[in-house]
Amino acid sequence: MNKTYDAIVIGGGHAGIEAAYALAKRAFNVALITLNINRLAMLPCNPSIGGSAKGIITREIDALGGMQGYFADLAMIQIKMLNTSKGPAVWSLRAQIDKEKYCQIILDDIKKQSNITLIEDEVVDLIVNENQCHGVVTKENGNISAKVVVMTTGVYMNSRILRGTDIKYDGPDGEKTSSSLSKNLMKYGFEILRLKTGTPCRIYTDSIDFSKVEKEQLDKNELSFSSHSNVKLDEQTCCFLTHTTAKTKEIILNNLDKSSLYSGIIIGIGPRYCPSVEDKIVRFQEKETHHIFFEPETAKGDIMYINGLSTSMPESVQDQMIASIPGLEKARVQKYGYAIEYDAINPLNLYKSLESKTLSNFFSAGQPNGTSGYEEAAAQGLIAGINAANKLDKMPMMEIKRSSAYIGVLIDDIVTKGTNEPYRMLTSRAEYRLLLRNDNVDERLSQYAFENKMISAQSYNKVLDKYKLINNEIQKLKDEYVSSNSELAKKYNVTSGVSKLKLLANPAVDPKDILGNDFPYLDEITIQVRLFGYLKKQESAAEKMFRLEKLKLPIDLDYNLVENLATEARQKLNQIKPTTIGQASRISGINPADIQMLMYYLNNRKK
């Protein structure tokens, strides 16, 4: 077996797959070391990709040359656009995925990649010399050397599965866990966090009484995540809606002392925005019911994922809870819900490139950085992979602005503010969310992708041509006026002197009446025109912030030398080592007076 590679990726989950593909796309030889090569990119938590904000992240991954959206399209059994009753800033795709097909597609495809080598093994330590990472130590194959290492271990570091007092030292779904790596990371200066997540039970579909639940109504559509998958679903697989009952609430409250979460067995901190059912019952006791969704795990549909019933209760209590829910009175359980605790590193140790501040050539991505979700993991894996490749190519690190992508918001948040709970992306976290829409990911990110060798010149020019066509059409509409005796004027009560552009800006107007059925980018141009004033305001605000991002801070700056800084500011700046004034301004506890002192200090240094 080869023992030397350009790059090593530790872990074959969603982050690891993106990192490996990014490095391979850049023509580097990659060793992808994972505990089970037949379980690549598992979907152990839920059988879906996307969701509010998350779907936009998957689209951003695609625009940057990543793979998640492409593979999701190939394995999806349902897709829909969320939040369509609201403004386009929060429209986001969500797809139900055939979880077995998804893993198989990725395994088959990765085996075709000549410069990715799959190695089934456990990484137990790093090879480190003078604060530089030079490879990994594995349990079965010993030392494997590389110029860069990307850690994407998911929830597998020192993980344990909990149901009541029943504890198993396993990874998700009974997979192996990695018991040594996080312990060894501490000796290289990493602070280890203990976090928690969970998953609900799975039920055999033929044991569900569907007469007691509500079937989701879905229209056929031509939606997809990827711009190059060319996949359109012929048929949508439906989900179903039911709810907890007063009996469910009673069972949970009477058995709280048996929950791993409430009995004190769990020490890890769980995700705030994805609570267990017992957590929901306790926190929202005024509510008598909570929504429960049945989601098929595969195209076969023989197993249902019971969304909304995540729990760490013992199996006997779960049986009672399940039987109290309409439609599940006689349900047969395929797998019980559980909580999982795992180790992660403090992401304040990382630069925006996702390279460690204390261990050169070592990058980290995904859940070991304190985030939750397949989409957040894949996004970080892609950025870490691109920047690891940039390091090998001696190119500048790629740092995506907050005003350019949710991915930029995600990474800036975790490396600037840190986290003590699994971080989930929300639209509310983005101050420029009108700019970060589902429809314009290619416009926002294609230049990043092209400059970092992730898409071809042909692909990049195709995007430039698209927006040139849109801008030309906008100018044309601006110059064309609606004739007072035209059908258009009669339909919309238009008097003379109204341009077609102004008419298109009216939400009551059907864009096809102005642009026809054949204009290829109907949604994009309509959104641009109707949000024009709001977009200009956000672009102006983003530009002001970007001026602060241009003011670089030296990595080796000793903030004890900066006069008149508050003590808290001095401590946090020395810990986080922000790279720009803009990043420094977003650290909690840093106030405007501290920023003024920093800028004054920088100006004096230049003199």
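Any Cβ shown, glycine's included, is placed from N, Cα and C.
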Annotated companion of G11, G12, G13, H14, A15, G16, S178, Q367 at the FAD site, Swiss-Prot, chosen from V123, V128, V231, V317: V123
Looking only at the binding-site residues C274, V282, F284, G13 (FAD binding site) has its closest CA neighbour at C274
C274 (NAD(+) binding site) in three-state DSSP notation: coil
Within the same chain, the residues at least 6 apart in sequence whose Cβ is under 8 angstroms from that of V123 (FAD binding site) are I10, I33, V136, V137, T138, K139, S178, L181
Give me the Cα-Cα distance between Q367 (FAD binding site) and G270 (NAD(+) binding site), rounded to a whole Å. 12
